[in-house]
Amino acid sequence: MNPSAPSYPMASLYVGDLHPDATEAMLYEKFSPAGPILSIRVCRDMITRRSLGYAYVNFQQPADAERALDTMNFDVIKGKPVRIMWSQRDPSLRKSGVGNIFIKNLDKSIDNKALYDTFSAFGNILSCKVVCDENGSKGYGFVHFETQEAAERAIEKMNGMLLNDRKVFVGRFKSRKEREAELGARAKEFTNVYIKNFGEDMDDERLKDLFGKFGPALSVKVMTDESGKSKGFGFVSFERHEDAQKAVDEMNGKELNGKQIYVGRAQKKVERQTELKRKFEQMKQDRITRYQGVNLYVKNLDDGIDDERLRKEFSPFGTITSAKVMMEGGRSKGFGFVCFSSPEEATKAVTEMNGRIVATKPLYVALAQRKEERQAHLTNQYMQRMASVRAVPNPVINPYQPAPPSGYFMAAIPQTQNRAAYYPPSQIAQLRPSPRWTAQGARPHPFQNMPGAIRPAAPRPPFSTMRPASSQVPRVMSTQRVANTSTQTMGPRPAAAAAAATPAVRTVPQYKYAAGVRNPQQHLNAQPQVTMQQPAVHVQGQEPLTASMLASAPPQEQKQMLGERLFPLIQAMHPTLAGKITGMLLEIDNSELLHMLESPESLRSKVDEAVAVLQAHQAKEAAQKAVNSATGVPTV
C-alpha cells in the first residue's frame with residue numbers, strides 16, 4: 001500500500017466494468033476478505049432495474065479499502081475483469097483534467113490491466129480505462145494520475161513509443177469543449193477540400209487539372225472501388241487556406257458533365273455526425289415548438305371514422321391544418337390526431353369534444369404529448385401521491401388491492417378531501433351483507449364521502465368507530481404491513497338494487513356525453529333515452545357495461561363499476577401489482593377507461609406505463625435506503 005496516498009474518510013470504492021448479472025452478494029463475497037464492509041450497492045436503471053455496470057463498496061476503514069484497491073483491481077467476476085478506483089463524489093475534481101492523460105493508437109490486445117501496468121511506473125494511478133464497444137477496444141484510453149507531475153512524466157517518456165509494435169500518441173487530456181474549440185479554429189483555416197457528384201469518368205489527373213487553377217495542390221485523389229471505378233467523390237489538398245477557400249467559393253454548385261457538383265471543406269466522420277445530429281435536434285425542436293398547443297390527440301374513435309369524417313367533426317372549432325386517423329392493415333387503430341392553426345382553437349375543441357359521442361363512442365380528446373412527456377408526467381404524479389401517503393398518519397387501503405402472499409399492502413393514494421375513503425376488501429365485506437347492496441337500498445358508510453353523495457345530517461362517526469370489532473379486520477400500520485387476509489371479489493351491481501340504492505337528488509356529473517344522453521342522473525326516475533345501440537364492455541362473469549349505463553349511474557358509482565371490470569383484466573397481466581395499478585388507472589377520465597376496457601392494446605399500454613412508474617418509485621426508495629444505510633441514517 002502507498003502510505004503517501006490521500007485520505008479518503010468515506011473509504012468508498014468505485015467498482016466498474018461489472019458483468020450485467022453481478023449482484024451485491026457476489027461483490028460482498030469478493031471484497032469481504034479485505035475487511036469489514038458497511039454497504040454495497042450495484043447501480044441499476046430506474047425503469048428496467050438492469051445493472052448499469054458499476055457499483056460502490058463502502059468499507060469501515062480506509063486501510064481496508066486501500067488493500068482491496070491494491071490487491072483486487074482487475075480481478076475477474078463472472079468472467080469480466082473489474083476496474084476499481086476511489087469513489088470521488090466531487091465532480092469538479094474528476095472533470096478538472098489535472099493529472100489526466102489521453103492515449104490513442106492502442107493495439108486491440110491492450111486492456112485495462114495492460115495499460116495500468118504500463119503507466120503505473122510513472123506514479124500513483126487513480127483510474128485507468130481503455131474505451132471499448134461491443135467489438136472490443138476502440139484503440140484509445142485514459143489514465144488519471146494522482147499528480148500533474150506524474151502525468152507530465154508519462155507524456156514525456158511514452159509519447160511516440162512503441163506499445164505492442166504500434167506507435168502510440170500520449171498527450172494531455174482535453175475536454176470536449178477544448179477539442180471543439182480547436183476543431184473550429186482548424187476549420188476556419190482548412191486546406192483539404194471534398195468534392196462529390198462528379199460521375200464515374202473522373203480520375204486523379206482530370207481532377208487536378210480542374211482544381212489546379214486555384215493554386216498549388218499537395219495531393220489529389222479520386223476514391224475508387226476494387227475494380228478501379230470512380231466512386232463519384234474525391235479530395236484535393238491545397239498548400240494554402242486561401243486557395244482552398246477560393247476553390248470552394250467558385251466551384252460549389254457548378255455543373256460538370258451534366259451534374260451539379262458539391263465542393264466543401266473536408267470533414268472527419270465525427271464532425272459530420274455531430275453536425276447532422278445538431279441539425280436533426282434543431283429540426284425536432286422546431287417541430288415541437290410549431291405544434292405546441294395546437295395538435296390534439298383523439299382516441300376511442302369508431303371504426304367507421306376516416307380522415308374526412310374526423311376533419312368534419314372538428315372543423316366547427318377553427319382552421320384545421322391536418323387530420324389523420326392512424327391505420328394498420330387498412331383498419332383504424334381507434335385513435336388519430338387533429339392539428340389546428342392556433343392554440344385557442346385547439347383549446348375550444350378539447351373543451352367541446354372531449355366526452356362527446358361520435359358515431360357510437362364517447363371521444364377522448366386532449367393535447368398531444370410525446371411519450372417522454374407522458375411518462376415524466378405519470379412519474380411525477382405518482383411521486384407526489386406517494387409523498388402525500390407518507391404524510392398521512394393512518395393511510396387507508398385501496399379496495400382493489402388483493403392480499404399478496406408477503407402480507408404487504410400498498411396504501412391508497414389520498415385524493416381531495418371529498419373523495420371516498422378506501423378500505424381493504426375484507427373490511428368492505430364486514431361492513432355490508434353478502435349481496436353487494438340490498439334491495440332496501442342500504443349502502444355502506446365508506447362510500448358516502450364521494451363527490452356528489454348526500455352526507456348524513458348527524459355528525460359522521462370517527463374512523464375508528466366505523467371499523468367493526470372483528471379480529472378478521474386487519475389494522476393498518478404506519479409501515480403498511482398487515483396480516484394476510486382473504487379478499488372478496490365484488491360482483492356487478494344489479495340494476496334494481498342500483499335504482500333502489502341511489503337517492504333521487506341532483507348531483508354534479510363527472511362524465512360528459514352528447515345532448516341525448518348527457519347528465520341523465522338529473523332525472524333518475526325517467527329511463528334514459530338512447531337513440532342507438534352502444535357497444536358493451538364484456539368481462540367474464542360480470543354484467544356488460546356500456547357508456548349509457550355508466551352515464552346513468554351516479555358519479556360516486558362510476559369509478560366503482562369501472563374498477564370492478566378493470567381489476568380482473570389487470571390481474572391477468574400483473575397478479576401481484578393489480579391492486580396498485582387499478583388504483584392508479586382509476587385516476588384517468590371515465591371515457592378513456594371505457595376505451596381501455598374495449599381495447600386490450602390500449603389497456604396494456606397504460607398498464608405498462610403504470611408498471612414503469614411503480615418500478616421507478618421502488619428503485620428510488622431502494623436507492624434512498626442504500627444511501628441511508630451507507631451514511632448510518634436509520635430507515636423507517
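Placement of Cβ uses the backbone N, Cα and C atoms for every residue, glycine included.
Record features (Swiss-Prot):
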{"type": "DOMAIN", "residues": "11-89", "note": "domain 'RRM 1'"}
{"type": "DOMAIN", "residues": "99-175", "note": "domain 'RRM 2'"}
{"type": "REGION", "residues": "166-289", "note": "region 'CSDE1-binding'"}
{"type": "DOMAIN", "residues": "191-268", "note": "domain 'RRM 3'"}
{"type": "DOMAIN", "residues": "294-370", "note": "domain 'RRM 4'"}
{"type": "MOD_RES", "residues": "LYS299", "note": "N6-methyllysine"}
{"type": "MOD_RES", "residues": "SER315", "note": "phosphoserine"}
{"type": "MOD_RES", "residues": "THR319", "note": "phosphothreonine"}
{"type": "MOD_RES", "residues": "ARG385", "note": "omega-N-methylarginine"}
{"type": "MOD_RES", "residues": "ARG419", "note": "omega-N-methylarginine"}
{"type": "MOD_RES", "residues": "ARG455", "note": "omega-N-methylated arginine"}
{"type": "MOD_RES", "residues": "ARG460", "note": "omega-N-methylated arginine"}
{"type": "MOD_RES", "residues": "ARG475", "note": "omega-N-methylarginine"}
{"type": "MOD_RES", "residues": "ARG481", "note": "omega-N-methylarginine"}
{"type": "MOD_RES", "residues": "ARG493", "note": "dimethylated arginine"}
{"type": "MOD_RES", "residues": "ARG493", "note": "omega-N-methylarginine"}
{"type": "MOD_RES", "residues": "ARG518", "note": "omega-N-methylarginine"}
{"type": "DOMAIN", "residues": "542-619", "note": "domain 'PABC'"}
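Listed modified residues: SER315, THR319. The one with the lowest count of other Cβ atoms within 10 Å of its Cβ is THR319. Note: the CA-CA distance between LYS299 (N6-methyllysine) and THR319 (phosphothreonine) rounds to 20 Å.
All protein chains considered, the CB of ARG385 (omega-N-methylarginine) has 18 other CB atoms within 10 Å.
There are 21 other CB atoms within 10 A of the CB of LYS299 (N6-methyllysine), with all protein chains counted. Using DSSP to sort the residues of the domain 'PABC' (542-619) gives these counts of helix, strand and coil: 62 helix, 1 strand, 15 coil. The helix, strand and coil residue counts that DSSP assigns across the domain 'RRM 2' (99-175) are 22 helix, 30 strand, 25 coil. In the three-state DSSP scheme, the residue listed as 'phosphoserine' is classed as helix. Cα-Cα distance from ARG385 (omega-N-methylarginine) to THR319 (phosphothreonine): 39 Å (rounded to the nearest whole number).
Reduced to three states, the DSSP call for LYS299 (N6-methyllysine) is strand.
Mean model confidence for the domain 'RRM 4' (294-370) is a pLDDT of 91.
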